[in-house]
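Lifted from TrEMBL, the feature list:
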type	residues	note
SIGNAL	1-24	signal peptide
REPEAT	104-137	repeat 'TPR'
Amino acid sequence: MKPDVRSRLSRPLALICVATSLFAAAPAGALDQARVEDLLAELQQAEPEQAERLVAQLRAEWSKSGSATIDLLVDRGRAALEEGDVLTAAEHLTAAIDHDPDFAEAYQLRATAYYLGDRIGPALDDLRQALVLNPDNFDTMKGVATLLEELERPEDAQEVWMRITALNPHDPEAEAALARLERSLGGQPT
């Protein structure tokens with residue numbers, strides 16, 4: 001029996017992970033770590049009007065698998081997520097991970113599938129692995145922060161949101177989350 005996915009599509013982690021992965025689609029190629037570091041440095045100093053372009057470039061870099069096979073599996077996983085078929089999505093993304101266990105985006109997307117299928121533990125495990133592979137991916141961090149809030153760990157969530165704003169100072173979602181958490185914690189920033 002399939003979980004009731006349609007009713008959960010409005011949940012924050014799902015929206016974050018699916019939306020950012022859709023915008024991140026890019027042609028295959030190996031991750032250029034030096035370029036990523038340059039883009040992150042630019043983003044941290046950028047004016048708000050430049051930030052969106054830099055974020056899009058970072059997402060494009062992070063989405064490069066370097067393999068047509070992995071790209072196909074990830075695309076099929078994304079399509080299944082869009083259709084609400086989390087089981088099929090997880091299968092395609094697991095196959096992508098089997099082909100390349102060092103491709104962080106596949107873990108991030110599979111975390112979304114697990115999350116939508118009410119498999120919070122595996123979702124957290126995949127987000128953790130995605131961050132091991134790509135520790136500066138603020139989109140993956142958003143998934144972690146959202147889950148921490150859902151697990152009623154606001155101090156930990158606040159810490160992750162602060163890390164996101166350190167990497168991407170103009171992220172309105174992170175700014176809103178920090179304001180919300182500061183209010184809920186009684187004005188006690190970490």
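Here the Cβ of each residue, glycine as well, is placed from N, Cα and C on the backbone.
Model confidence over the repeat 'TPR' (104-137) is summarised by a mean pLDDT of 97. Per DSSP, the secondary structure of the repeat 'TPR' (104-137) breaks down as 27 helix, 0 strand, 7 coil.
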